[in-house]
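A.B. asks: Pulled these features from TrEMBL for this protein:
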{"type": "BINDING", "residues": "D18, D113", "note": "Mg(2+) binding site"}
{"type": "BINDING", "residues": "D20", "note": "substrate binding site"}
Amino acid sequence: MDSSLTERFQRITTLIFDVDGVLTDGSVIALESGEQPRVFNVRDGYALNRAVRLGYRVAIISAQGQVGVRKRLEYLGIKEIFLGTSPDGKLPVFKRYLSENNLSEDEIVFMGDDLPDYEVMRTNVLAACPADASEEILALSDYISPKTGGHGAVRDLIEQVMKVQGKWMSWFD
């Protein structure tokens, strides 16, 4: 990891994630009931819960608004969940979140995977993505996880941030 990325990781206090293609592999099961279940990676969930318990702000901004997704995120201890974002996209939700929590962009890492994440990732956040993100997002990202969406990319990012900050193994101290 180069020194400029290490310096940026040291400033991170807040981790924001998309759902589809980041916390999941982007697959959706369409049931007759209209429900669209997703599959989440348990190791990603462990890292998210650990981040919450170690005092990081963890937020989710996603265009989709499935009840099952919200329940999974709440189970992990995440309280700042913005699902079913407006037709205006994620940027207005992101800007409002920053304003309401007195946060600056340079203390945030945002992990997205596709064009709906582009506007947020163009701001001064540390932009991160899974290895299988869209071409445009890969080109924009400061950190590209070697893992794919729904298969450990979230865990990888959280682990990298915590290791740089000396917090990854602090759980066991």
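Note that Cβ sites are derived from N, Cα and C of the backbone, with glycine treated the same way.
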A.B. asks: 10 Å Cβ neighbour count around D113 (Mg(2+) binding site)?
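C.D. replies: Total other Cβ atoms inside 10 Å, all chains included: 31.
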A.B. asks: Fewest neighbouring Cβ atoms within 10 Å: which of the binding-site residues D18, D20?
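C.D. replies: Each of the binding-site residues D18, D20 was scored; lowest Cβ tally within 10 Å is D20.
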A.B. asks: What's the CA-CA gap between the residue listed as 'substrate binding site' and D113 (Mg(2+) binding site) in angstrom, rounded?
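C.D. replies: Between the Cα atoms of the residue listed as 'substrate binding site' and D113 (Mg(2+) binding site), the distance comes to 8 Å.
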